[in-house]
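Engineer: Not my notes, these are from TrEMBL:
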type     : residues : note
DOMAIN   : 62-311   : domain 'G-protein coupled receptors family 1 profile'
TRANSMEM : 46-69    : transmembrane segment
TRANSMEM : 81-106   : transmembrane segment
TRANSMEM : 112-139  : transmembrane segment
TRANSMEM : 160-179  : transmembrane segment
TRANSMEM : 213-242  : transmembrane segment
TRANSMEM : 263-282  : transmembrane segment
TRANSMEM : 294-313  : transmembrane segment
Amino acid sequence: YFFFTDFDSCPFLNTEDNMEHMKMENYSVVTEFFLVGLSQYPELQLFLFMLCLIMYVIILLGNSLLIIISILDSRLHTPMYFFLGNLSFLDICYTSSFIPTMLILFRSETKSISFIGCALQMVVSLGLGCTECVLLAVMAYDRYVAICNPLRYPIIMNRVLYVHMAAWSWIIGYLISLLQTVMTMILPFCGNNVIDHITCEILALLKLICSDITINVIIMTVASIVILMLPLLLIFISYVFILSSILRINSAEGRKKAFSTCSAHLTVVILFYGSALFMYMKPKSKDTNTSDEIVVLSYGVITPMLNPIIYSLRNKEVKEAVKKVLSRHLHLLKS
């Protein structure tokens, strides 16, 4: 996705004159950054603070509830709910990597973050974002096996396989994130420390670098193909086979039941990839910082908030498990 982004605004992209200019000047070392995204709307700061705080609380409660339910209810000890638990934990970690800092910045005058803090935020949030891309593809494969090969599903999706699939999703995501973060943060910023964004987002940071970023662009291009386009292609292929199998089911009730098992996942995929593709693949002429920041709030806050709601509303087993857990707690409170 990164190779569709406009790097022309960076004046030090592989030009000999600018490299000579950099050698001739002494630059101060950057020890902190200033996140000034949306600061041009001071009247909205309190509103954004309250909105993001409320959504963050909903994210924590909703995703924590899904994790607890998937652990407590033995009927949910299946690969699908194991992956769903991973997704909920990922959403909690992802939003916690930047929302608390963002809330502080909304109410702060300085809007600063340390160099190390910025690097940590970037490696964690980027790693979790990459992990989610792979995890959504893994979940699509799980639904493919469940619907297209139901008799062999317990054999194919055995515990060893699905635990390894989830583990490798995290490992691949963080290896790619660590590589990109290190390759970005070791480059000189030459005193440029004002990030026109609400988070330490890698594309915003690259615009501050005053040396050749050709290698970074190549690495991100390869990474984006591996982490975004390939999982999306696998999801698409999986759902082509899933749809083909559903259409071959004779009874309307059977088709409805089969589709309901993957509709929640498909909704989450559309929300997540829709926001990501708009963010990183829109035409350059439409590239505005304000729209980027709104999209970041969309896939960074709104999508994790909607995930547990979508899976609760679209899944009968989750709804029954929620009712069971809530009724048990109400009974304990009454007694």
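Positions of Cβ are set from backbone N, Cα and C atoms, glycine also.
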Engineer: What else in the chain is close to the transmembrane segment (112-139), if you only count residues 6 or more beyond its ends and a Cβ gap under 8 Å?
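Structural biologist: Those are 30-35, 80, 83-84, 86-87, 90, 93-94, 97-98, 101, 105, 165-166, 168-170, 172-174, 176-178, 180-181, 184-185, 195, 199-202, 205, 223, 227-228, 230-232, 234-235, 238, 265, 268-269, 272-273, 300, in sequence order.
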Engineer: Could you pull the average pLDDT for the domain 'G-protein coupled receptors family 1 profile' (62-311)?
Structural biologist: 85
